[in-house]
Amino acid sequence: MSTPDTPGTDTPGTADDSTAGTADRAAAARADTIVVGAGVAGLAAARLIARAGRRVIVLEARDRVGGRVFTDRTGGHITDRGASWIHGIDDSPVAAAARAFGMPMVEFTVGGYQPDSRPLTYFDATGERLDEAAVRGYADDIRTVNAALVDVIARSGPDATYGEVVEQVLAEQGWDAERAERVREYNDRRAQEQYGIGMDGLGAHGLDDDTVNGDEVVFPNGYDELATRFAEGLDVRREHRVTRVRRTSGGVEVDTDRGVFAAADVVVTVPVGVLHAGDVVFEPALPETHSRALSLLRMNAFEKVVLRFAERFWDAGVYGIRQLGDEGEWWHSWYDLGRLHDEPALLTFAAGPAAVATRTWSDDEIVASTLAQLRRLYGDAVPAPTSAVVTRWQDDPFSRGSYAYMLPGVGRRRPRRPRRAHRRRAAPRGRGDLGR
């Protein structure tokens with residue numbers, strides 16, 4: 001493992017010089033720029049800075065790179081526990097990087113909770129299948145409301161919630177209660193599945209960036225290849241937990257549980273949840289522009305459940321299964337992962353309230369809960385899964401959630417990323433997610 005005294009043992013091509021003298025050890029802990037966090041944001045920043053000819057050290061608390069890009073290969077299965085999708089590959093820098101690295105991609109355009117862009121099997125509130133005409137009518141109602149929402153959201157005040165603007169548009173339609181409830185339910189579940197929070201807790205502008213340009217894709221060989229390739233050639237110090245970033249007369253010093261590092265400047269890419277928890281102390285404190293932006297963001301509660309089966313019990317050729325009504329309050333959508341690995345597998349999400357309520361449940365209890373809903377729809381055709389994966393991002397000390405969402409209080413322009421680094425020394429960077 002790499003420490004300030006044994007530089008680079010985690011990075012291929014960097015020598016392990018554990019017997020270096022005092023001067024060499026001091027040099028090993030000094031760089032032109034320190035990047036905190038070896039997620040994709042941190043690694044991409046480090047590559048760009050290194051390309052400019054600066055010496056960069058990346059400090060990472062985990063024993064791996066990638067952050068919330070984490071591929072599990074247990075039992076010979078490939079499961080992306082963190083980010084899965086690129087939500088629209090047109091003009092996407094992430095897609096461009098994946099292509100440059102030769103990463104195989106599979107089209108899977110359901111990540112944006114679209115009502116009918118790809119084939120889905122729908123069940124109504126009683127557990128009966130919806131026919132094609134009913135699905136078309138349901139999807140048309142959703143599109144009608146979504147089209148009207150654009151102008152209503154644009155005119156809304158900064159404290160408006162997404163739920164309030166949805167209610168305003170529904171009231172203008174003149175529909176009966178059941179018809180309106182189905183579209184209300186769709187928008188609430190969309191907010192939960194996209195941002196891990198119900199529509200009454202999400203700012204009206206919280207879905208402003210929820211657009212998909214081009215197909216959505218996933219990675220059959222695992223998303224972590226992106227992080228691994230980004231890390232190539234970089235000096236990444238794993239298992240270095242940063243506790244403090246402080247400005248000095250000569251630049252910055254970064255305290256870790258493995259020693260102190262010094263540089264001219266630092267780029268901090270830790271998740272919003274870690275910043276909120278105060279796990280990294282800034283001296284001096286971050287300026288008001290930064291703290292104000294952070295105050296309008298929260299880390300969500302959002303977990304994945306992957307179920308693998310010996311054989312398929314759902315329709316072939318569909319991208320997923322979705323149920324309407326109260327029975328689907330927690331488990332309403334399952335996505336067919338057979339497109340990735342030619343094995344019967346379904347992905348569902350514990351999003352928002354479901355993730356909070358089941359946080360203390362065992363994996364077996366969570367799996368049993370979602371299976372109960374599948375059996376409500378398919379009966380005895382649903383066998384016990386051969387294996388299951390349940391994520392625990394809420395309990396991860398290095399993320400404290402899956403990704404961030406915007407609270408009410410954010411206007412149309414949203415919290416602006418500070419244009420100027422904190423006194424030109426410390427610059428927080430990063431993104432809530434790369435795609436669930």
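Heads up, the Cβ atoms here are built off N, Cα and C, so glycines get one too.
As the structure is a computational prediction, the values presented were derived from the model and not from experiment.
Record features, source TrEMBL:
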type	residues	note
REGION	1-24	region 'Disordered'
DOMAIN	40-421	domain 'Amine oxidase'
BINDING	Glu60, Ala61, Val242	FAD binding site
BINDING	Phe349	substrate binding site
REGION	409-436	region 'Disordered'
COMPBIAS	411-428	compositional bias 'Basic residues'
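Residues Val36, Gly37, Ala38, Leu59, Arg62, Glu239, His240, Arg241, Thr256, Val270, Phe398 surround the recorded FAD site, their Cβ atoms falling within 8 Å of the Cβ centroid of Glu60, Ala61, Val242, which are themselves excluded. Within the model, the domain 'Amine oxidase' (40-421) shows a mean pLDDT value of 94, rounded to a whole number. For Phe349 (substrate binding site), the Cβ neighbour count at a 10 Å cut-off comes to 25, with all displayed protein chains included. Taken residue by residue with DSSP, the residue listed as 'substrate binding site' is part of a strand. Cβ contacts within 10 Å of Val242 (FAD binding site), excluding its own Cβ and spanning all protein chains shown: 24.
The full span of the recorded FAD binding residues, Glu60, Ala61, Val242, taken as their largest Cα to Cα distance, is 8 Å.
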